[in-house]
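See below for the structure under consideration.
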Amino acid sequence: MKTAMLIAVLGFCAALCFVESSHEEEREAAVYLTDLVSKAESAIKRGIPCRCDKNSDELNGEQSYMNGNCGDGWKKCRSVNAIFNCCQRV
């Protein structure tokens, strides 16, 4: 949850920087920050490897960032925290 909140705050800051920038160099920095935020968001949504079994070191699932829904073709194997689930392909 901390990661998602941080990304949301960074996204807001990037948008604010872009709107408030008066120099080309500031605009370039805002565009760069916006690009980093979008890449971070897609990395979270795409899935980070996770363990379905707490007692195993095998990364046999992917984290899902869809409020408890793993999506079509996936099944939930473990809750990681309040936002993320560890999901496996069916």
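Using the three backbone atoms N, Cα and C, a Cβ is placed for every residue, glycine included.
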Second cysteine of the disulfide that Swiss-Prot assigns to Cys86, among Cys50, Cys70: Cys50
Least surrounded, by Cβ count within 10 Å, of the disulfide-bonded residues Cys50, Cys70, Cys77, Cys86, Cys87 is Cys77
Between Cys50 (disulfide bond) and Cys77 (disulfide bond), how far is it from one CA atom to the other, in Å? 10
When DSSP is mapped onto helix/strand/coil, what comes out for Cys70 (disulfide bond)? coil
